[in-house]
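Under the heading repeat 'WD', TrEMBL lists 50-91, 104-134, 234-275, 276-310. Annotated region 'Disordered' per TrEMBL: 320-339, in sequence order. Sequence annotations record features per position, and here TrEMBL assigns domain 'SAM' to 352-416. Residues annotated as domain 'U-box' in TrEMBL: 421-443.
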Amino acid sequence: MASLICTLRDHQDDVNWCSFSARLLATCSGDKTLRLYDAHDFSELPFSPLTGHGYSVHCCCFSPCGQFLASCSTDASTLVWSMVTGDIEAVLEHPGRSPVRICALSPDSAHLVSGASDGTLALWNFPSKKLSRTGGVNDTTMVACSFSPCSQMFMTGSTYGDLRLWDLDLNHLLAEKNAHDLGVSCCSFAPSILSGGQVVQFRLASCGQDCHLKIWAISKFASGGFKMILLHTLAGHTAPVLCCAYSSDGQLLVSGSVDKSVKVYDANNAVLLYTLNQHERYVTACSFSPTSPLIATGSMDKTVNVWRLEDRCSGHGFKEESAETSCKADPPLSPPSGKATAGLSKLLVADWSERDVTEWLVEEGLEGLVDKFKANNIDGTELLSLTKETLASELGIESVGLRSKLLRKVEELKNDSVCSGIPDEFLCPITRELMRDPVITAG
């Protein structure tokens, strides 16, 4: 069952995008503003709305730990906002001053990509907020972008109808030139990485003006080559599909359409689970909460609806720390009697809860980081994705020695899986974590 739990009516124009972090919901609109809500009770934050753009705000996305929010606009800029104060941290002016239609942050917080209406792309170093590279495609408008879960490449979609995979040097890795007739609207990588033998595989969802939602398999071979295969075409909508997003575990997929409906699918089996009809105009935005079975949908009717998924969807692997529980203070910690990692050895590190990570920090002599980790909702998945840039820019760990020590300890956790006797084909070659759903693919 899916139930509507609240409707937010604060925007004065079309809602163009919505995005969840563990604690907040952000929305942006043609009214030039962004609005921030507490993901627990959906009360608006004291410093909301954010008013820094001069024209319509097309897209917004949180940094992985939720400390920053990036937004882009017709005013040809991408702004980076502090989620502590609501202040503008940086103004990134797009090369050529073309309207910016899309922006995306890499899962490791190292890179930000912005795409413009003239087909150009700008790759920014996110910690320094400096422009790294520019590239793009002529005679089209960039309207979609999503980073792979390994942060080493990203997919873009354009009004021309093509999907293009890029590396961090803005080299083309592959292109699907007729992915959607009449244009791509949105694309989204699933968060999981599948591995087998000499192949690493990713899932990507895309949608477009052809009224279709598509699921693709993207394979990276040890030789350096790439291959993109269409797995499913979902034709449930009766009009152009404007937005799509995966759940945090990759098990569910949501889409919104010009037909005013929202559809939720079992992503693995391409089976329709729910159709949600509440919006009065086109559905332009959708986002899953990373910590609760919640979906936010935005529309040209100027509203944002928040839905709760229950029953069949409740078993789809949402992290146990829901928006409600994450807002409650944890009980005082007592030092564990044995090695924390020994007590957690039956769990993959990626399955650790925030509590498990806290116990591990204490056991490793890093108890001074507990408050920072709790404040940023760091669980096992986030722990494995931490980088020196994330630690410095988002968690505010200034000590170089402390950052190095923490990263060494994380690397030891990754190496434990290598030494555990698990066959190598079941380990992700990037994170060295055991794959939940290994796929053995012939090279």
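Just so you know, glycine gets a Cβ as well, placed from its N, Cα and C.
Sequence-distant contacts of the repeat 'WD' (276-310) (same chain, at least 6 residues past either end, Cβ-Cβ under 8 Å): 1-9, 11-22, 25, 27, 29, 39, 42, 242-248, 252, 254-258, 260-264, 316, 318-319, 321-324, 326, 377. Across the repeat 'WD' (234-275), DSSP assigns 0 helix, 24 strand, 18 coil. With a threshold of 8 Å between CB atoms, the same-chain residues lying at least 6 positions outside the repeat 'WD' (50-91) that come near it are 13, 16-24, 26-36, 97-105, 107-109, 112, 114, 116, 124, 126, 129, 376-378, 382, 385, 390, 393-395.
Note: the domain 'SAM' (352-416) comprises 47 helix, 0 strand, 18 coil (DSSP; helix = H, G, I, strand = E, B).
Through the fold, the repeat 'WD' (234-275) approaches residues 2, 182, 185-192, 203, 205-215, 281-291, 295, 297-299, 307, 309, 312-313, 316-319 of its own chain, all at least 6 residues removed from its boundaries and within a Cβ separation under 8 Å. For the repeat 'WD' (50-91), residue counts in helix, strand and coil come to 0 helix, 23 strand, 19 coil, using DSSP. Counted with DSSP, the repeat 'WD' (104-134) comes out as 0 helix, 19 strand, 12 coil.
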